[in-house]
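Database features, via TrEMBL:
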COMPBIAS  1-18  compositional bias 'Polar residues'
COMPBIAS  577-592  compositional bias 'Polar residues'
DOMAIN    404-530  domain 'SSD'
REGION    1-20  region 'Disordered'
REGION    49-68  region 'Disordered'
REGION    569-599  region 'Disordered'
TRANSMEM  118-140  transmembrane segment
TRANSMEM  377-393  transmembrane segment
TRANSMEM  400-422  transmembrane segment
TRANSMEM  428-451  transmembrane segment
TRANSMEM  472-493  transmembrane segment
TRANSMEM  505-531  transmembrane segment
TRANSMEM  663-685  transmembrane segment
TRANSMEM  983-1000  transmembrane segment
TRANSMEM  1005-1026  transmembrane segment
TRANSMEM  1038-1059  transmembrane segment
TRANSMEM  1080-1101  transmembrane segment
TRANSMEM  1107-1133  transmembrane segment
Amino acid sequence: MSQTEIGSQYEIHSTDATQTKDKEPIVKNCENGCQNTEFEVPCNCTVSQSRNKQSEPKPNRKRKKKRYLKQLSSKVGIQNDPSSATENRKHRALSEAGEALGSGSPFIYCRFIVKFPILAFLLSSTLHVFAIAATVSLVVTGDNVFPTDFKKLPLILYDDSSRKRDLAWRSRDAFSMRITRPVYGIYYPTWVGGQVKDILEVILEVDDGSIFSKNNLYLIQQIENLLFNFKDYKSTYCQRDELYECVKPWSIIRLFDGTYKSVNSSFYNPNFDHPTDVLCNAKKFTETKEFVEYLFPKGYNPCQSGSASAMTRIFLIMGYPLLGSNSNSRINNFLINEVKPHVESIRDNIIGDRMHLYYTSKMIFDNDVTQQAFDDMLFAIGSFLFIFLVMWIQTKSFFITTFGIFSILTSFLLANLVYRYIFSYEYFGFFHIISMFIILGIGADDVFVFYDCWRLTDDVNYPSLAHRLTDCYYRAAKTTFVTSVTTMAAFLVSGMSPLLPVASFGLFTGILVGVNYICDLVYFPTAIVLYSQKIRPKTIKCYDWISKKVDCLKGIKCKLDMCKKSENLQGKDSEKTTPSNSSVSFLCSPRQTAKEDSSRLFPKLPPISQIRNLDHLQFSDTFNTDTNLKPKQSTDKTNTTRKEFEERMLVVRFLRHGFYSFLSLRIVRLVLLVLFLGMSAFLIYSATNLEPDSKQVQIFRSSHNHGKASFHHYYSFQRNFEEEYTSVYLVWGMMEKDTSPCSRKSSDFCSGTMVWDQSFNSSSPEAQMAIYSLCRRLENASDSEIQRLKIRRNSLTNKPEVSCYLTAMERFLQEDVTNNGQGYPPDLDVNVPMDRGNMTKFMISNKNIYKHPNTLPAHFNRWLEIGLGYWITNKYTGRIHEDYFLYNHLIGEQYVRGETTIAQNTHLGLYYGTKIRYFGIQVNLTVSVFTLGLTEGKPVYQAWEQLMVDAKEKMPASLGNGFQCTRNTWHWIRVQEVLSESAVMGIIIGLSVALPVLVLTTMNIIIGFIAWTVIVMVTVCVVGSIPLLGWKLGVLESLNLCMVVGLAVDYVVHLAEAYNVSPYIRRQDKTRNMLEKMGLSVLSGAFTTFGAALFMLGAQIQFIYQFGIFVMITVCASMLFSMFAFTSLMLVLGPEGNTGSVKALVKWIFCCHGKQNGKNQDSDVQPNPA
């Protein structure tokens, strides 16, 4: 957070030591005495008028540094030798500056603060007190003031067509009078523990060798037994099968304990002999092949020699419902409070160094991520304490520091009230935690700026305190406005994102920056004036009183000791007198006033500068006690200011001399130019390699238990319980869901409103043939088309995995007619399309199922549904067949009154004469939602979109509203695309806002453009560093890139403003003055920001940790380019005089335009006849 020392026309600037042509102060005689500019001298003093400094000997070169110290000390209000001509010029300039400012009227608010400091402080505090009181009241009344949700990251595009299609397909069965197709052998486990509530996944990994060695298998068996037999798991929490027995954990041990011995005798091997042979056999049998894919890592094949597996896992299943009530909470408490400590105990005490153990489950993960989020918030306390300490050191005031931090913290509460109740957002997630760290840095920056401006105005002789506060107010408001506007713009750009976490974070942080800026300008001036006018004088007075009391006690003790010694001496030799004895006699004399004592002991002497010749100074035993030489200003203030200056002197001197001289070398600037250009070119190339992150959002750091477990769960094993492959659904009968009722400001899941296609009709012969042709095209796709559409081939038949109900139904009916030829007429044709004639014959041939076709209404034309019901219910027997599992979920039928009839001779309630409400064609792909990136996935999505467009062109109007969709995959592609677009748009808007703001702030086109160029270079460096760190463009990276411009502008804008207000003419002098005035503030700001971000590295939430790294990279790049690149550019290209001045340009334009208009008017005037 930069501490900005803004220069203005009222500020004193240093001059070189050689520019000392002024005269020494002239001592004026007055009625009461003679006085100079610094000390009051009695009338009987004898001081001649000053001589011209040109007659004095030239200063010694060895004292150059000392003279520079005096000159530079004047910048912070340190009193120098009054005989210095340079100081005299300074005081004259101060007076002129104060008079110039006094010609205008102070701000009304500043006058009010100065006139009523306590009242102004209390009134400005009401806003902060209101924020605290309102927040506490709402919390007490049970209102959800902070709607935290750390269990999920709702990256949902409600208005995206891929999302609305996905939601529609998920809700495909949500229609009235839906026909169900029950079959025998499929039942829903409604008994206690029959369902699955949660699964504890324990992942085991070894560093060397195979995890399936004999010794490791014994250890895995031991771990499984400890989990399976733990406390009440088997009696209460296990999943139970139809025989009400606990289901054993899923692990590799099932291949050795006899669970699959009915498949092959090798699967009973309790001694784990030749484990590789057993595992190889498991890959050969269908009953075990799918089972071991969940337990084998990718790339492992036990049948290949030399293949070794480094990891496996155990699944402990939690049954549901439990016997009794509160099943969810009881299972949650059991997992978190009982199982989790037990697993950690196994990891730490049983396994040791033999294996690595990682664990996770949905309930444990949700609990841990919420707990960890609040734990990581505690690191904000570290940042808070760090900034508090730095602010205290900078301001030298505990009062100002306390209320400065108080203003920052209450602005967070006030911004949350605006965000929560004015903008009505109901989401507070991971990213909002980051805003706590951000506002600490930005808020401290604003406080530093205002206090530095106030400190610098202490040197100017203002007509009144209100004028001084007005000048300080103008400077601070102007400087903080630039950084606040650019930072707000960067965050508000993110607020336009359609993704809730990104938009809510951008809006909240933008509001927070704006509220903090307003609070800083409204509240902090009252604290400064109250402190300087009321609190500090009383504090000094109290401190002086305590010091006097302490000194008095010490003096009394000394006096008693000396008196006692005097009595002893007088007892030995009462007539002898010595100087020491005389002093003792004085101390032991009757007490006089403190003023008389001090005058007698320590008579005041004139300053050394008042004494022209020390040789003429006459010392005497007594001094004139009436000589009152006292400085005009308090020496305490001078000493304090000098101490503050000496602490800053080393850095300022280095920047003015060493650093400036280094950059002034031509070879150095040339090397820096080549270095920065080369680094920028390299990082631009690196930025071109930045790709969207196709992986799932990582919540925990990779070093955390859940971070490792989540990574291995999704990417290390051959199969998961989640859908590992994407399936495309070509859907008809429904429209995209209406998501307009869904709130974009809440993380609650919203599925929208179902919209049905009222024109849909798939029963006509034209519709049947159109769908049938599409199915045949997909089933017989060429190799190139399969590759383009990423269609997966069946591992056994090598055919595309396409599930089209028309072709499957046709095959089933043809087989049935062929196998039962005597029951059907020879002219029966069951091929697609199915019409009235053939289906009437089919119904008559199955009298045991159908009533006579004449019972159907005359207008009945849905003959496709007749064959459909016969096929999907396996001839209305209700027996399970393979097609039922492949196609039942792809077809929805609806009951039609007066037409739908229950089938005869069935006890399952099966119907015919129904209406197809929807249907879909399923095509399995080779891509996975967990690994599919934007670069690879978008062409696949576009290929399927084009396929549907081409197919619908050949279909009748009743099928014209079909669409293709996937479950989450296409939506995830769109999310990646939106994140990429948001990052690019954030950078473009940020840079677009920064350029005019910089130009208008500095009122110079050249300075603004050079500063903007430096910001562009910083942005390029930050973007190019992301691929170098191994990161991809994910959610957090997109947010970071949106705000990089706002963070990068912070330092260069201060240097640009310092260069702009410098009083010097030559660019070299202006640059030197810029470094001297603003270099330390920029370095201090970078130090505080870097230090605050350093605490984020201790967080375990990936977002906070990664943001800390990003901030440190941005700060380092900004400092590097600001101090080196910008300074070098200003040394070479910095404008001089009115070059590039916006005011001069505007004046020139209006001036030339006015002259041109004047000439035109003169030419139009007719001569006067007179």
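Any Cβ shown, glycine's included, is placed from N, Cα and C.
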Summary of DSSP states over the domain 'SSD' (404-530), given as helix, strand and coil counts: 111 helix, 2 strand, 14 coil
Ranked first among 377-393, 472-493, 983-1000, 1005-1026 for CB pairs under 8 angstroms with the transmembrane segment (1080-1101): 377-393
Cβ pairs under 8 Å between the transmembrane segment (400-422) and the transmembrane segment (118-140), at least three: yes
Intrachain neighbours beyond the transmembrane segment (118-140), with Cβ under 8 angstroms and 6 or more residues off its ends: 112, 406-407, 410-411, 413-414, 416-417, 519, 522-523, 526-527, 529-530, 534
Which of 472-493, 663-685, 1107-1133 contacts the transmembrane segment (1038-1059) most, counting Cβ pairs under 8 Å: 472-493
Stretch-averaged pLDDT - the domain 'SSD' (404-530): 86
When counting Cβ pairs under 8 Å to the transmembrane segment (1005-1026), the leader among 377-393, 428-451, 505-531, 1107-1133: 1107-1133
Beyond the flanks of the transmembrane segment (1107-1133) by at least 6 residues, Cβ under 8 Å: 434, 437, 659, 663-664, 669, 672-673, 676, 1006-1007, 1010-1011, 1013-1014, 1017-1018, 1021-1022, 1025, 1029, 1036, 1040, 1044, 1047-1048, 1050-1052, 1055-1056, 1059, 1067-1068, 1070-1071, 1074-1075, 1079, 1082-1083, 1086, 1089-1090, 1093-1097, 1099
Beyond the flanks of the transmembrane segment (377-393) by at least 6 residues, Cβ under 8 Å: 1, 401, 404-405, 433, 436-437, 440-441, 444, 447-448, 1084, 1087-1088, 1091-1093, 1095-1096, 1098-1099, 1104
Cβ-Cβ under 8 Å with the transmembrane segment (663-685): same-chain residues at least 6 beyond its ends: 1017, 1020-1021, 1023-1025, 1068, 1121, 1124-1125, 1127-1128, 1131-1132
Beyond the flanks of the transmembrane segment (428-451) by 6 or more, those residues with Cβ under 8 Å of it: 1-4, 6, 146-150, 153, 373, 376-377, 379-380, 383-384, 387, 390-391, 394-395, 400, 404-405, 407-408, 411-412, 472, 476, 479-480, 483-484, 487, 501-502, 504-505, 508-509, 512-513, 516-517, 520-521, 524-525, 528, 699, 747, 1036, 1039, 1050, 1081, 1084-1085, 1088-1089, 1092-1093, 1095-1096, 1101, 1103-1104, 1107-1108, 1111
